[in-house]
């Protein structure tokens, strides 16, 4: 299905609605759509000041809904962030961290042994209590072994992949990542699902869009409430876009990918309106972590005025673009100064569905319903974790760094720079620097780029430290870390023979199991 056909279908449905055709409504049980981007930065949207202004649909979504300039991920890396979104819990609680070394980011590459724990309760599992049909489209990234996959954790349908779209591989040292339709693989990246790394061409975003529109249509016709988790990954290196969008952006290939994703969001919102269910559907747009600025301008986006990017606990690594949209429920054109996190999507979605959060565990996410409906403010802190270490805390406009680290001198000297053009002496350190006795404190309103620490001898510093210290002590007192899931690796567990490979003749022979402790360099 190409772009023109999608537009024709939307127009057709719109005309039917205009002429008064009856359309099913789930008013008593709203639908929920979470749109999660991959490595998209705060500064990639026109509404946040991107000068090329190439995101008209997202900018329009913000004008029709609520914009969150102070919205955060739970970790500056993909897998832990996604685990937190779906569990409502910090990675250090849900197990998506490592204890192999201090303050190291960890994720789920093909060789990871672990994944989301069976003891965690995911958002779709709770939504089932209200009869929701749950689908994930795109990147899962919470473990690729059979017992870790989406359909084992509350999702009814899945079209996408368990890992990043790295490759191509030679099938002997490492297999290409499989693409699944529900519980069966239907091909692999770079094989049946092409990604041309030289030109950047791939139809994956269009495939994901078609899957999303089709799911929405069929659940609406069946009058079943639905949860759609749309997790396209085109802005993760190697970035890609379909032929219709390649070469369109002033920003290069990364901008092409952003433009196609912006178009896709616009099509989904138009589809909801065409089907007459826009007022029955809560939609939230955000990203999993900051732009991967270490990949360079051709393969990464913008974090706006914020320091550094992905992998770091500076603002550029963890502050995300965020928009809530729900016509008739969220006042249009509002800007909320609420401090929010991806974990709040767990609690807020359950509240929208008329459900309570699990009461047998600590949930870090807040219900933002009062914010969405009345633009009220809820007092809450933001915790910045890197692996097993709480690196920083934000309370109000003040952020205190208890540890600073960008990446190692070894990596930096190899040309890997997490803060290109943004080195701040004593802040973007290349060794792990502890500041627990005298935290570095910044006022993010005056200094969003974290360049000017407040002098420790001032009353402002002492007052801010007093407030933050009380929050930190309370947090640490109640912290019970989960069992770390990201410690062990083994080449034998990679995607050699995923379910369904037999039918396609795509099974590969796995090597002998030789587990080791994963090496997480940063």
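Including glycine, each Cβ sits where the backbone N, Cα and C put it.
According to TrEMBL, the active site, nucleophile annotation covers 78.
All protein chains considered, the CB of residue 141 (active site) has 28 other CB atoms within 10 Å. Residues or ranges marked as active site in TrEMBL: 141.
Summarising the annotation, TrEMBL assigns domain 'Sulfatase N-terminal' to 30-354.
The Cβ of residue 203 (N-linked glycosylation site) has 194, 242, 243 as same-chain neighbours under 8 Å, each 6 or more residues away in sequence. If you look up TrEMBL, you'll see 203 marked as N-linked glycosylation site.
Per TrEMBL, the feature 3-oxoalanine (Cys) maps to 78.
Among the features that TrEMBL reports, signal peptide is placed at 1-20.
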Reported mean pLDDT - the domain 'Sulfatase N-terminal' (30-354): 98
Cα-to-Cα gap, residue 141 (active site) vs residue 78 (active site, nucleophile), nearest whole Å: 8
Residue 78 (active site, nucleophile), number of other Cβ atoms within 10 Å: 27
